[in-house]
Amino acid sequence: MFKLSFSVTPADCVILPMFEEADLEPAVKSLDAEHNGIIQTAFETEDFSGKKMQISLLYTHNKQSPRLLLTGLGPKKELTVRRFKQVIGAAIIAAQSKKAQKISVLIPKEVITAFDPTRAISQATVAATVAAYSFDEYKQKDTRVSEVTSITFFGAFESDAKKILERAVAEGKIIGEAINYTRHLGNVPPTIMTPAYLAQSAIDLAQKHPNIKVKVLSRPEMKKLGMGCLLGVAQGSAKEPKFIILEYFGLPQADSKNNKKTKPIVLAGKGITYDSGGLSIKPSNYMNDMKFDMLGAASVLGVILALAELKIKKNVVGLLPSCENMPDGDAYRPDDILVAMDGTSVHITNTDAEGRLILADALCYAAKYEPKEVIDLATLTGHCRVALGMDRSGLFTTEEKMAEKLLVASGEVGEQLWRLPLGEEFTEGNKSEVADIDNSGVGDNRLAGASVAAAFLQYFVKYPWAHIDMSCCYYTPKGRPWIRAGANGFGVETLVEYIRN
Ligand code: BES
Ligand code: MG
Ligand code: ZN
């Protein structure tokens, strides 16, 4: 991992994000003067105009800082955290493609005033850390992404704020690395990333952080608890299912004042390490990328890692039901009836609607904690993708305050949630002729599939709850200018922001 800091140091690539308005701030003016006005020339020749995501590389003929990389932020009035992070990320990736090792990044004046200095720095750090990550360990060494050794930030900050800004860099680094940790878990191929491997990752995490406790339930323990839905899905796979429980206690469990327990927030994450669809097998082109079907669980691990490293004073429990969905001779079938931990019977109408089944048992288990609230994260339905595309995730909840706070948190960090409905018509969509509910809706199950799935989960919920269907933005197929291909760690930053505030 490269070094990150707040300081002005010589770099082999200096990144200068600039607005379309092109009123150069003092730091840029002095760099321009130092290098014979090449920045002004780039504007005058119209090679560069500050348009969003535009990139121009200028060579200075100065060995100390040979490259200036101009990047466009677009018009000032369009400035958002999301835009800023994309621009920083794209610039880091462009610098890496030139094999730059020491990178220095200007944080523009307007960004400092718009976001406040520490947020500007921590968000830039997250963006840079996420951009520098690549999953290329399986490639030949000479084709891997070149390694960065350091990234430093500078700008017109108050001169006495260095300590605070260094802390902001450290915080951004923790969050960025937690996101990359989640991404990495998602990117590992499914033969390796089994439920047992996911459980071991949770155990390793707990070993490094004394505030995290972990417990992994195996098949007989799940049987004892009556987790019939999770065990039903797991039947078709040669891999042992695991139910992974993480407890992060940043607060003493008993509140010293009134001796009441501090109720935890429970996060539940779908951990299907591979989703073939089971006997209701997916068409082959839909089966690609189904190794990512455990990203809900991986995001929860990333959140808990970040909370522990940031020493956030909150109590959070992570529940990760994990198995594979495969079509073995012993697999669960359409027409089977499974019974969840709370006694609800579920008629299987499609074995590919497995995520809601494993989450059902996790949501029942969550009740044991008498949680303050529960948030689940899941790559649950293709329908959500059809509705929202690849850049927004669906948010379902009847708790107005949770919805509001989640939407604010996601906005603060530049992730995008979009609220979708729960309601009785979707609840009715799960009606069954032979059991309490069907698992994949009745009639034309192409209609409102994301809401019907959310309404299925709602059956098992007895506390304030929100569901995030992240089937829309869990991975980036071919990469974007600001992030490379593969899992993108969606949800980690939003939930850290949500929980800490
Ligand atoms: N893991 C999938 C959902 C998914 C699909 C996520 C595409 C990301 C991209 C889930 O288990 C699934 O197969 N859902 C079915 C439900 C249907 C059978 C009711 C779907 O969306 O088609
Ligand atoms: Mg499925
Ligand atoms: Zn799935």
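Placed from the backbone N, Cα and C atoms, the Cβ positions cover glycine too.
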For this session: Name the residue, out of D275, D289, D328, D391, that TrEMBL lists for the same Mn(2+) 1 site as D352, E354, please.
Result: D275
Seminar exercise, completed: Per TrEMBL: Mn(2+) 2 is bound by K270, D275, E354, and from D293, D335, D336 the site also lists D293
For this session: Would you mind pulling the DSSP three-state label for K282 (active site)?
Result: coil
Seminar exercise, completed: A 10 Å Cα radius around D352 (Mn(2+) 1 binding site) captures, of the recorded positions K270, D275, K282, exactly D275, K282
Seminar exercise, completed: Neighbouring CB atoms within 10 angstroms of the CB of E354 (Mn(2+) 2 binding site), all protein chains considered, total 31
For this session: Sorry to bug you, but what's the C-alpha spacing from K270 (Mn(2+) 2 binding site) to K282 (active site), rounded to the closest Å?
Result: 18
Exercise. Within 8 Å of the Cβ centre of D275, D352, E354, which other residues of the chain have their Cβ, at the recorded Mn(2+) 1 site?
Worked result: V233, I272, S276, G277, G278, S280, K282, M290, D293, N325, T351, A353, G355
Problem set entry | Averaged pLDDT, computed only over the residues in the domain 'Cytosol aminopeptidase' (350-357) | 98
